[in-house]
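For reference, Swiss-Prot has these:
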{"type": "REGION", "residues": "1-228", "note": "region 'Pyrophosphorylase'"}
{"type": "BINDING", "residues": "8-11, 22, 72, 77-78, 99-101, 138, 153, 168, 226, 331, 349, 364, 375", "note": "UDP-N-acetyl-alpha-D-glucosamine binding site"}
{"type": "BINDING", "residues": "101, 226", "note": "Mg(2+) binding site"}
{"type": "REGION", "residues": "229-249", "note": "region 'Linker'"}
{"type": "REGION", "residues": "250-456", "note": "region 'N-acetyltransferase'"}
{"type": "ACT_SITE", "residues": "361", "note": "active site, proton acceptor"}
{"type": "BINDING", "residues": "384, 385, 403, 421, 438", "note": "acetyl-CoA binding site"}
């Protein structure tokens, strides 16, 4: 079966009150349209055609390679949207029609819809669900034999039809040839003067062909987004699904409702996520890690047995059994080795810290290469910027940098060298040497009495 997906994404999204095209609003880190494209591909669609309109250029910039677009210059209804994609509809195979603002649709639901469509030998099949409050949706009107009679748009419903709870999801499965032949027959004889895709089903029925209705129990799959409130509702549902998937794979969430984790994140078995954790982008966390409360990790790789306490980690790599935080900040291109400690209020940027080294507290480590078993004392500053460009600091294995020292780059501290506390180091420190870069202490006896300070 040759399958194509047509995704309608031309709407203005007026109720979103946004300068951004509606389908580009994100749910769990990915655009709504991106979610729908992914599910289409997972359902084995050989080709995805996105119908763009409002903000067409912005939408096109976000699309993955291979996804085609057609322009609906005027938004004249769902039928018209599919009409502008007619050149991509062939005379054999199957066409799925989806919406770019419905990010919760699943591969399982689409596969079930297509199986029902194929096994029933239907020319068209509509996906439906029953809602407690169907306001805003088109209604499924059935005949006395419980088969589809017609679909009535919300704005065209009678008082009696408004009471119907079975709604049209807007998702359809068509025989390609039948759809191609039916599109030119759709008229705009309605109060809105729009071309409704629902009319295609009526035409297909009138021509004696079979139209199926596939009703799902989980209405969440077909939730659409037309407002910020609905965006939040959809985000909540997707978060719940993501968390459930991770828990089933052996991840512990101390408080699932307060944890934010994007769809693209990977987490290993027996890792524990505490309340307030935020995991984003291409983050990968290994097994047996503990991610403490209010930690934020983006596009980073954490290996096994790592503990992170209330820290921020951006585009960095952390090797096995390192400890980070509390309140550490790892900025992009940081690589933390095995059994390394990066303690409280330590900031690391574009730096490598090799195995068993530690910076326990209150340090800035920028543009640096630090060897094994190195100690960085409290208050150490890597002075990496001269006002024009950044410079690198290299510290070799087993070196020791005392508290409150400034290392003015470019500089190298050789193996097993020591830097005395309070020093400002401006040139290389040889292996095994002690570097002292501070003025000698001078005590002025009797100074307090002479100045008359201290006592009142």
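Note: Cβ is positioned from N, Cα and C throughout, glycine not excepted.
The structure displayed is predicted, hence computed values, not measured ones.
On the structure: features taken from Swiss-Prot.
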| residue | record | Cβ contacts under 8 Å, 6 or more apart |
| --- | --- | --- |
| 8 | UDP-N-acetyl-alpha-D-glucosamine binding site | 51, 78, 81, 82, 97, 98, 99, 100, 170 |
| 77 | UDP-N-acetyl-alpha-D-glucosamine binding site | 188, 192, 194, 195, 196, 197 |
| 101 | Mg(2+) binding site | 9, 11, 13, 22, 23, 32, 224, 225, 226 |
| 153 | UDP-N-acetyl-alpha-D-glucosamine binding site | 138, 190, 192, 196, 198 |
| 375 | UDP-N-acetyl-alpha-D-glucosamine binding site | 357, 358, 399, 400, 401 |
| 384 | acetyl-CoA binding site | 366, 367, 368, 390, 391, 392, 393, 409 |
| 385 | acetyl-CoA binding site | 366, 391 |
| 403 | acetyl-CoA binding site | 377, 378, 379, 380, 421, 422 |
| 438 | acetyl-CoA binding site | 420, 422, 423, 424 |
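A strand conformation is recorded for residue 375 (UDP-N-acetyl-alpha-D-glucosamine binding site) in the three-state DSSP classification. Ranking the binding-site residues 11, 100 by other CB atoms within 10 A of the CB puts 11 at the bottom.
The sparsest Cβ neighbourhood within 10 Å, among the listed recorded positions (331, 361), is found at 331. Residue 385 (acetyl-CoA binding site) carries a strand DSSP state (E or B). Of all Cα pairs drawn from 384, 385, 403, 421, 438, which the record names as binding acetyl-CoA, the longest spans 22 Å. Helix, strand and coil content of the region 'Linker' (229-249), in residues and according to DSSP, is 20 helix, 0 strand, 1 coil. The CA atom of the residue listed as 'active site, proton acceptor' is located 16 Å away from the CA atom of residue 331 (UDP-N-acetyl-alpha-D-glucosamine binding site). In the three-state DSSP scheme, the residue listed as 'active site, proton acceptor' falls into the strand class.
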